[in-house]
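A.B. asks: Next up is a structure, given as structure tokens.
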Protein chains: 2
Amino acid sequence: MSHLRQASTATPTSVAPGFTCGLDATLKIISGKWKPLILYFLLRGPTRYGELKRAVRDVSDKVLIQHLRELEADGVLRRNDYKEVPPRVDYTLTQLGQSLAQALEPLCTWGTENMAEMQKIFAERDSWLREKQA
Amino acid sequence: MSHLRQASTATPTSVAPGFTCGLDATLKIISGKWKPLILYFLLRGPTRYGELKRAVRDVSDKVLIQHLRELEADGVLRRNDYKEVPPRVDYTLTQLGQSLAQALEPLCTWGTENMAEMQKIFAERDSWLREKQA
DNA sequence: TCTGGTACTTACCTAAAGGTGCATACTTGT
DNA sequence: ACAAGTATGCACCTTTAGGTAAGTACCAGA
């Protein structure tokens, strides 16, 4: 997200003071500009590369592919190559991926419910930050 | 997030084809390496700057402050300055922020539940990606 | 008096994430 | 014959998020 990022570097005494919950692990996976969007979209079922690219508006090929590879490496989605020509490939959530994508739902809902408020806020956001600095 | 990042640049025809759900809005807010952690931690109640800094292990002052300012600008938390000397300041979630932080809970739960699996995967992740490339 | 804690601010630098544009090899539609 | 769609790969470049290290003004305790 953009982002969300890595997380804690090896905590020796396991879950010592420093606040750590499962969120750390989750963030490692969904960190990437478009990853949450990709995952959430895949809830709709197997999706071809092209579809995905059109759905996740503005993502570049390079990054989309890269994200897909990483998500596959993380075991949340699977790439299916139909070995046809012209190429035909689609992506599916694994069981793990599905549960993850479902965990994103509340965020989506929240965004939808507060859409109006957010737009107001985003409009003033920059001036707000500036006047604070001044 | 990442990071998670910006999102769609002005979709003219409103919610035209390009997949957009509330997730976009939400991501705009929680995008930042430590933001989800900050929000989630604040569910525990008003927290002083120092506490927060110790809780969100490894965050630098610069970034922590910066994230807090932005989250405040986004209306999800409030800064309370007690005007004391030495300085005493704490941060609280707004109503909006609380609902957002709660929406993060499933992600946290997911991470906790799949912690073991994730550790296995993370261990192989890099070699996995490499062998794919080769 | 010196160290440490409070909550920051600022200037500077770097690593990495993401974007751009070109290329591939084949097929279908015009 | 030619453009377009299919799913990528690669080299290169820019942006920016984040980290580092210093400083501030004040107070309490050793």
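Count begins at 1; order follows the chain as displayed.
Note: Cβ is positioned from N, Cα and C throughout, glycine not excepted.
Annotations in TrEMBL come from automatic prediction, not curation.
According to TrEMBL:
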{"type": "DOMAIN", "residues": "B:21-119", "note": "domain 'HTH hxlR-type'"}
A.B. asks: The domain 'HTH hxlR-type' (B:21-119): mean pLDDT?
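C.D. replies: Over the domain 'HTH hxlR-type' (B:21-119), the predicted model scores a mean pLDDT of 96.
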A.B. asks: What is the number of residues in the domain 'HTH hxlR-type' (B:21-119) that are helix, strand and coil, as DSSP sees it?
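C.D. replies: Computed counts for the domain 'HTH hxlR-type' (B:21-119) are 61 helix, 12 strand, 26 coil.
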